[in-house]
Amino acid sequence: MTPSDRSSAPLTGNSTLGGQQPRKHYGITSSISLAFPREIDHIYTQKLTEAMKPFGVFEGEDELNHRLAVLGKLNSFVKEWIAEISESKNLPTSAVVNVGGKIFTFGSYRLGVHTKGADIDALCVAPRHVERTDFFSSFFEKLKRLDEIKDLRAVEDAFVPVIKFKFDGIEIDLLFARLALQSIPDNLDLRGDSLLRNLDIRCIRSLNGCRVTDEILYLVPNKENFRLTLRAIKLWAKRFLGGVSWAMLVARTCQLYPNAVAATLVHKFFLVFSKWEWPNPVLLKQPEDSNLNLPVWDPRVNPSDRYHLMPIITPAYPQQNSTYNVSTSTRTIMSEEFKNGLTVTDEILQGKADWSKLFEPPNFFQKYKHYIVLTASASTEENHLEWIGLVESKIRVLVGNLERNEYITLAHVNPQSFPGSKENHNENEFVSMWFIGISFKKLDNSDCVNIDLTYDIQSFTDTVYRQASNINMLKDGMTIEATHVKKKQLHQYLPPELVQRKKKVKKKRCSLDGSQLDSSRDTDIGTPFSSPTPVSKPCQPASTPEDR
């Protein structure tokens, strides 16, 4: 899925006819370098590819074909369902035959950078007479009757409503959009802004993933180089939960070095973003106003946009900041990581290290002296899956609360969740844990200061419980606990291989806070619903150089 075709990205500036010279620039500024790759660059790129193979980032031909077959079946299934719905709504036979319908993909699969076993983000596009309620009723019921479908569940009240399922072993998240068209042809292009006219906001949100993904691919000079570079950056940042932001940062690097191959682009990625002067936004194209009166990212008009710390702007209308919820801590951590990445890739391209060094696992549980353990419990597996999804989406609220504490300089979430140990919980409970590394401010005096985190944590748990109550998710047995622990206590929660200090500790790349790097929305409304939460109060020595 990595064609080496040169994409028809829009180019700005003068060009020489006949293709003798590359055009002036891609994106909103001139390129930094138009240099073509040397033989050594191709060699380093081949080594980069080999270094990534053990991590399962490339699917084999059989797996790729299986995905194509599943998507083909799903597409036929959607057409069949839309024809049935059209017939039931008394459309004439001639219209039913041509009504169409189509499955589009987006995200990592559409970009061509999905890994082995990854899920597929997809969108069902239907004509105007098919309602969203039809999708979540008759289509859902039709899916239920298919033998190949497993783990079927609908999340109709999500910010972006979705049906999730496994189709012949492949996980699929399927969104729905109804266009103001009589029929949906197979050659439909979703990039046109006029398609958004007269659509409800949920359809616009559902279309956004496809439109952004397609626009990114359209705006890069060379898709093959973009894809290989993005695979490397995603692997480097494998503990991140976000995706589209990385794609846009890599795409911008490709625009600035349009003729470079992946090894060079990975190095330039770290060079560009270790020196980037945030909060200057990363833009792949000049934002356009399509006069559809949809809210777009624009700090000149929206005062709240002026406070975004690391704006990375999606290229499709309505333009949004994919990192609007990045915190001060996340920006600090990422700035450090970009610099570390530059140091490592410098060494690699000087022949002093191998690519494997860039992909070394993080050292999160050795990095800090203090941690908060966040525990989410539920009494059944189904309730637990729902509960941890909500808790995970709100962890950024806790990070924000901690950052506002005058004694805390950094709150670093490890977005990977861990199963709770049976020793600390009932056997019949389903438990997940997250860990937040904390750095406390160095104080001038040598006294021990009691820092009370009760309010910071209590307001977070109130937010989660309130949200769960508002959407009727809250059930008996759903609880959250947040406890302060020191590094030496982590062995009570985690397996020894994660917390034991390695004999030879080198400065390694820390895990990045992925929950801050993908767009999600807070939908808190209603009255507070609170629950008591146990909180320890850390006693912080005045000067603790190991904290940072």
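A Cβ is built for glycine as well, from the same backbone N, Cα and C atoms used for every other residue.
Listed in TrEMBL for this protein:
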type	residues	note
BINDING	Phe106, Gly107, Ser108, Thr115, Asp119, Ile120, Asp121, Asp173, Lys234, Gly243, Val244	ATP binding site
BINDING	Asp119, Asp121, Asp173	Mg(2+) 2 binding site
BINDING	Asp119, Asp121	Mg(2+) 1 binding site
DOMAIN	27-220	domain 'Poly(A) polymerase nucleotidyltransferase'
DOMAIN	225-360	domain 'Poly(A) polymerase central'
DOMAIN	363-430	domain 'Poly(A) polymerase RNA-binding'
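Features per TrEMBL, on structure.
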residue	record	Cβ contacts under 8 Å, 6 or more apart
Phe106	ATP binding site	Asp121, Ala122, Leu123, Gly209, Cys210, Val212, Thr213, Asp214
Ser108	ATP binding site	His114, Thr115, Ala118, Asp121, Lys234, Gly243
Asp119	ATP binding site	Ile170, Glu171, Ile172, Asp173
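Model confidence over the domain 'Poly(A) polymerase nucleotidyltransferase' (27-220) is summarised by a mean pLDDT of 94.
Residue density at Asp173 (Mg(2+) 2 binding site): 18 other Cβ atoms are found within 10 A of its Cβ, drawing on all protein chains shown. Residue counts for the domain 'Poly(A) polymerase RNA-binding' (363-430) under DSSP (helix as H, G, I; strand as E, B; rest coil) come to 30 helix, 22 strand, 16 coil. Sequence-ordered, the extra residues of this chain that approach the Mg(2+) 2 site, with Cβ no more than 8 Å from the Cβ center of Asp119, Asp121, Asp173, are Gly107, Tyr109, Ile120, Ala122, Lys164, Glu171, Ile172, Leu174.
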